[in-house]
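Undergrad: First, the structure itself, so that you have it in front of you.
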């Protein structure tokens, strides 16, 4: 029952003092202080971090003191000096050579360009929420960047453009990661030495330095994740002072940082789950505290609902509100969104536009699929390749506005003025003059559907070019309203319906969306279309201002498009992607810049000594928990064992939540996706070593000699620092290379 008593003791009081009438192995005075001992049952008799006389005696009244070799907990340096040391080292390592290389590196192509879009107020589409890009754009604007650099491809010279502000902003946020790690470990262990070594692991990690120095979302995301964890740990320490000002402060900060993490990337959901599980455990503990009334418990519950649900939700929605207000001009992202959404963008052809209200024969039109990101009906001169249905002209769905989206609508019998429900029509591609066509050949990707092609020339084709217009919910003779009518096109010869599958075609299809003819006639957004552009000078125009959607409509639409866009990111040929099992072992890095000896090379790779040590201590933690559990079950009372299992378990859970889900993802994955999990791994690894020494189990403390660790970190940082700060000359496997002998794995490419 010893383990249960330990857990009960933690749940009810948060105190990890020794249990009486047990065999005890406490530490010497001031060797180790837990956060929970700061609040005692008798505030007048004990102060934080000091045990009463009873707590240092075994059941027979004799002292059972054991000092930890190496004096890890004694003679701790002043906290302010250590914190300033961490701050200085962290900022100096991240801001050093921040302007080099003076050209675009890796994903700066995307996120630098998106920062420019915010400065120019130009609408774009991205698979991530907007906060990170908004902050990058704001940093650039404040530091004098005018938003005119095109960010076309990696390697483009910045020249006179002021890019250092955006890089510097990301580097500053990245500089806070070791500081947050220091404070988190300090709260959990109350050891400045443990906190300093943990911070050093991040300060001297080449991977953390590299990923912080460029215009990327990762340092912004990790800043909010670590800030949320620090706020959670601080809030946990306030459990004995509920509803005080510090208690509310840390609760609110948790909510703010959760909104920030989710507002940068959907990966922020993982830290939300971590905080949610911690909150459920906390409320369960409160429910078992019989000194609290049900009213008190209800207050705790409501406070957490407000601080951890309503506040983050409000901030998250506000981020999108600002996003939509700022990006009010038409841009490259228009085509991903519905016609109604586009009507709110200045410069879009639908903004305050006028066009004929009803579809007419002889009109030039664009046809947009109602599936989110379903695209415009599109064709081009390229043919389907051999072995993919009939070798005829490709018909696809394209997500961007383009001249090849234009079609002419003709009547099968005569030339009546307006198109009605039930009419038989022919659609002719304006650029190539070929007709929209289908037949019994199978579609390229959706094998149970039929292929759709462009066929014939100058209106000459066959009966497979005929389609029947059907207004969804309409009756025979109903007119087709531009933008507002949901329309289906039924193929007369085969009985199938024109369909956008949402699947991305291979390179031969220019990675556009597959269009098929579906034999399944159930009405779905994929088989429904609307007429967006309608050009016919013979007809009177009406204003389209009535189409502008409400905020909640565009908020929902943008999230559906982001989620589908994220899941649709597939590996491209020769693209540097990786698998989740590669990441913890540092199997393969990412080339940020340069490929040969004449170019300035930057390579994203974690310091192998740090990463492999972190990986080893994951298993070590499980061994320690098992040993502690057995010892408790046998009647020993291990001081701080409860904090080991609860605090260390929380960090291990954080690592699992930020790592394991990637095994279930079908999208393309990269090495940098592991860095949030790596932060939790680093924090927990040093804490594990420290706990091991304190409990005097398994390893002697000379294994954790502070001086040896610091020398080791500095040595390997010196050896591998060119990966972060740039290198030129021969590659690592060539004679005369500055990295000679450091290519420890063949998969490293520096």
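Indices start at 1 and increase along the chain as displayed.
From the backbone N, Cα and C atoms, a Cβ is placed for every residue, glycine too.
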Undergrad: According to TrEMBL, which listed range is transmembrane segment: 609-631, 701-723, 724-746?
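TA: Spelled out, TrEMBL records transmembrane segment over residues 609-631, not the other listed ranges.
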Undergrad: To which of the residue ranges 95-117, 164-186, 187-209, 210-232 does TrEMBL assign the term transmembrane segment?
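TA: Of the candidate stretches, TrEMBL labels 164-186 as transmembrane segment.
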Undergrad: Can you identify, from 44-77, 248-281, 350-383, the stretch that TrEMBL calls transmembrane segment?
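TA: Checked against TrEMBL: transmembrane segment maps to 248-281.
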Undergrad: TrEMBL lists transmembrane segment for one of the ranges 13-34, 123-144; which is that range?
TA: 123-144
Undergrad: Taking residues 6+ outside the transmembrane segment (123-144), which of them lie with a CB under 8 Å of any CB in it?
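TA: Same-chain contacts beyond the ends: 110-112, 114-117, 162-166, 168-170, 215, 217, 220-221, 260, 262-266, 316, 319-320, 322-323, 326-334, 336-337, 345, 561-562, 565-566, 569.
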Undergrad: Mind checking which residues of the chain, 6+ beyond the ends of the transmembrane segment (248-281), have their Cβ under 8 Å from one of its Cβ atoms?
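TA: Sequence-distant neighbours of the transmembrane segment (248-281): 128-132, 217, 220-221, 223-225, 227-229, 231-232, 234-236, 238, 303-304, 307-308, 311-313, 315-316, 319, 562-563, 566, 650, 653-654, 657-658, 661, 673, 676.
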Undergrad: Count up the helix, strand and coil residues in the domain 'MIR' (356-412) according to DSSP, in that order.
TA: 3 helix, 28 strand, 26 coil
Undergrad: Could you give the number of helix, strand and coil residues in the domain 'MIR' (416-472) as assigned by DSSP?
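TA: Secondary-structure breakdown of the domain 'MIR' (416-472): 3 helix, 29 strand, 25 coil.
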Undergrad: Of the residues in the domain 'MIR' (477-534), how many are helix, strand and coil by DSSP?
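TA: Final tally across the stretch: 6 helix, 27 strand, 25 coil.
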